[in-house]
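Each remark here refers to the structure printed beneath this line.
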Amino acid sequence: MTVNRLLLLILPAAIMVAAMILTSGMEHRLAALGTTVQAKLMLGRAGLALPYIVAAAIGVIALFATNGSANIKAAGLSVLGGGAAVIIVAIAREIIRLNGISSHVPAGQSVLAYCDPATMVGAAAALFSGIFGLRVALKGNAAFATGGPRRIGGKRAVHGETDWMKMQEAAKLFPDTGGIVIGERYRVDRDSVAAMPFRADEKQSWGAGGKVPLLCFNGSFGSSHGIVFAGSGGFKTTSVTLPTALKWSSGLVVLDPSSEVAPMISEHRRQAGRKVIVLDPTASGVGFNALDWIGRHGNTKEEDIVAVATWIMTDNPRTASARDDFFRASAMQLLTALIADVCLSGHTEGEDQTLRQVRANLSEPEPKLRARLTKIYEGSESDFVKENVAVFVNMTPETFSGVYANAVKETHWLSYPNYAGLVSGDSFSTGDLADGRTDIFIALDLKVLEAHPGLARVVIGSLLNAIYNRNGNVKGRTLFLLDEVARLGYLRILETARDAGRKYGITLTMIFQSLGQMREAYGGRDATSKWFESASWISFSAINDPDTADYISKRCGDTTVEVDQTNRSTGMKGSSRSRSKQLSRRPLILPHEVLRMRGDEQIVFTSGNPPLRCGRAIWFRRDDMSASVGENRFQPENKA
C-alpha cells in the first residue's frame, strides 16, 4: 500500500471525527447569540446538529477534492467509515439522553417520541455522506457526474441517434466461449480510472481491467476474418496474440516477429495435447519442404508451381514502369521454369525436390545456367517446363543478364543455410496442419522480414495453400494470426483466403499498425474498402494518426445534441437577454477524443451493428491467463 493510499484511507475519517468532537457543545455558544427566546431555541437546535453536519460536509468535500485520483476508492472507504463513526456517536449520545429522561415520560407514551429532531437531521446528513462514500468506494471516479451535451433520441433526432453497443448486446455477439479474443466486456471510459492514463507497471491504473468477462469471436458471422489496428507499443501482442493463442482450440499459425510468443505459449499448448512447431532460423533441424504440397488434393502441379514463384517474387499492387515490369515478369518465369524442372522433369529425386535445390541450380554462373536451360529444353519430360524455358534459350545476353539479376536477388535468402533449411527440411509436413492438432509459430524477427520478406511469404503461402487445396477436408478451422503482416508486402494468397477462406477452413486475424501500412502494402485507399468489406470485425486501439482518428469518428456516425444558446443585446433603451435551445449535429466520438483514448481501450466495428467501445484483454492483468503463460524473454524478472 502506497503512502498516498494510506493517507487517503485515514485522513478523511480522522478529520470527520475530530471535527465532530471539536464542534460538540457549540449549542450553548450559538444560543447565547440569540436576542429572543425563539432565536435562542433555534440557534441551540442548530448547534446540536452542527457537529454531525460539519463532519458530513468535510466527508463530501474530501471526496470532491480527490476526484480524479487513482486512490479515490480509498478516500471513499474512509468517508464511509467516518460517516459510520459519526452516526454511531450520534445514536449513542441520543440513547444516553433518552435513558436519562425515560423515567419522566408519561405513561402510555414511547420514549422515542422525545428523540431530538436536530440530532436526527445531523445523523441523516452523516448517513447521506456515508452513502456517497460507499458509491465512490465501489465506482471510483465514475461515481461523479460527467459533463457533456445532452443527446436526443426518437423523432427529434434529426441529425442521427447513433450510440455505442450495449454490453448485453456485445455479450451475445461475442460470447466468452469463442476462440478469438476480442477484448473485455466493460466500458473503459466509464471506469473509475478513466481520467488517468493506462500504465502497464501501475496496477492502480488498471481499474476493472482483468476482472471482467471476455469478449470472444466464434466465427459465427461474416467471413470469420478479423483486422486489428494498433500503434507501435500498443499492446498488440499482449492483448491479441497471446490471449487468442491461449484460447484457440484448433490449428494455429502465428507470425511472431518478436519471437516471444512461442516460448510463452508452447508449454500451455502442449499440455492441451497439441503438436507445437517453432520455425526459428536460429534453431537447426526444424523445417518443412515448401514444395511437398504441390499437385496434391486435385490441383495441378503447374498451377501450384506458379503460386510458389509468385511468393518468392514480391508482388506489387501498384503499376510499375514497363521496363521494370518486363524484367520482374521474366525473372518470375525463370523461377517458375527452374521450380518446374526440379518437380516435373523427372531427373531430381523426391527428397531433393526443394527450394534449396532450385537456388543451387539458379546460382550457377550465367553461361553455365544458359547451357542448363538449353539442356532442360531439349531433355525435359514436361511440356510445361519446355514452354517456360523456351523464351530464355535464344534471349540476348544483355536481356538475360537483367532477368538473371532479378531472379538471383529475389532468391538471395535461399543462400543462407538456416533460412533455406526452414523451407527445405523434413521435420514435418504441410499436411500435418490439416489434422487440427498442429500449431506452427513462425519466429522471424523484423530484420529478417524487412530484408527477406520472401522467406515468410513462402512459409505462410505454403501453409495457406496446403489448407486451401483440401477443399474444406480439414478438421476444424485453422487460424492464421499474423502480426506485422504489412512486412510481408503484397501477398495475393492472403486476398484469396480473405475472399474464400471461410469455406475452406481458414480464418485470418491480421495485425497492422495503421491504415497507412495496409494501404502501402495492398494498393492505396482502395485496399481498405476491399479488406473492410471482407472482415467480420475490425479493431482500433492506441491510435496516434489523425487520419485514422478521423476515419473512426466518421464511421461511428453522428448524434443529435441539445445545445443551450444565450443571446444578449444592448441598446439605447437598455439591454435584453434571451435563451433558446437548438438541435445540433455531433459525432458520436470526435477525432481528438479517439487520440486521447486510453491504451487499454478499443473501438470494434462489425457489419450491421453499432460500434463497440470496450476494454482490451491484456493477458498480464488476468489471473486465468497469467497462470498459463511462460516467462517473457523481454521481462525475465517479472511475468507481468
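Positions of Cβ are set from backbone N, Cα and C atoms, glycine also.
Quick look at what Swiss-Prot annotates:
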TRANSMEM  6-26  transmembrane segment
TRANSMEM  46-66  transmembrane segment
TRANSMEM  72-92  transmembrane segment
TRANSMEM  118-138  transmembrane segment
TRANSMEM  212-232  transmembrane segment
TRANSMEM  440-460  transmembrane segment
COMPBIAS  562-573  compositional bias 'Polar residues'
REGION    562-583  region 'Disordered'
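Beyond its flanks by at least six residues, the transmembrane segment (72-92) meets 5-6, 8-17, 20, 51-52, 55-56, 59-60, 62-63, 66, 119, 122-123, 126-127, 129-138, 140-141, 143, 192 of its own chain at Cβ-Cβ distances under 8 Å. Listed by sequence, the residues of this chain that lie at least six past the ends of the compositional bias 'Polar residues' (562-573) yet keep a Cβ under 8 A from its Cβ atoms are 149-152, 579-584. Cβ atoms under 8 Å from those of the transmembrane segment (212-232) belong to residues 170-171, 174-186, 239-240, 243, 247, 477, 498-499, 501-502, 507-515, 531-532, 534-545, 548, 606-607, 612, 614-615, 617 of the same chain, restricted to positions at least 6 beyond its ends.
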